[in-house]
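Database features (TrEMBL):
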DOMAIN    69-104  domain 'EF-hand'
DOMAIN    105-140  domain 'EF-hand'
DOMAIN    160-195  domain 'EF-hand'
DOMAIN    198-233  domain 'EF-hand'
């Protein structure tokens, strides 16, 4: 990448999420879901055979307005299932949502999804968490051998947005192991303009801001929370403390 442009509010998101983790208990409880997502990303990376529409970090950043427009369309869906209009979707409301989407998983799997997206421990899914949850569901239900999905979102634009977010993650996952590490980030940041390499401190800072459970790896779930902040979804929807 050429000269680095800061992602808006990235440090703010990192510090807030870090504080929230104190309320959520050990991040190890997300391990099962993250492992499942990791395997899915490995499958998709292999099926992509190195093909990508992204050539650099800049080519991802320039599409932020498109990502923002696509994801903001979820506001109406969120409000539809937030039946009591309290700004969060509780378990009962979520179950109705998943039933409408024809997401047929075990109660345990749905509970894992709920906890992994309820990062502030409020026992409710807020709008930014709802975006992450739907993207995770979309990915988990996406057949590896087919570009089609059985998830009934009825929104080609939203599905295309989710597909492109997945593609951005796959671009950053240089070694194809289903998660991001600092080496992946360094390579991605320097890929477009190797003669203008990003300072080591910049790469390190950006990685730390995504790796909010501080285990040296960035799961697709962690990436999603950072990504929706980067594109500006939270410009009018702040995460609560």
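Keep in mind that glycine also has a Cβ here, set from the backbone N, Cα and C atoms.
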Taken over the domain 'EF-hand' (69-104), the model's mean pLDDT:
87
In DSSP terms, the domain 'EF-hand' (160-195) comprises 24 helix, 1 strand, 11 coil
Using DSSP, what is the helix/strand/coil residue split across the domain 'EF-hand' (69-104)?
22 helix, 1 strand, 13 coil
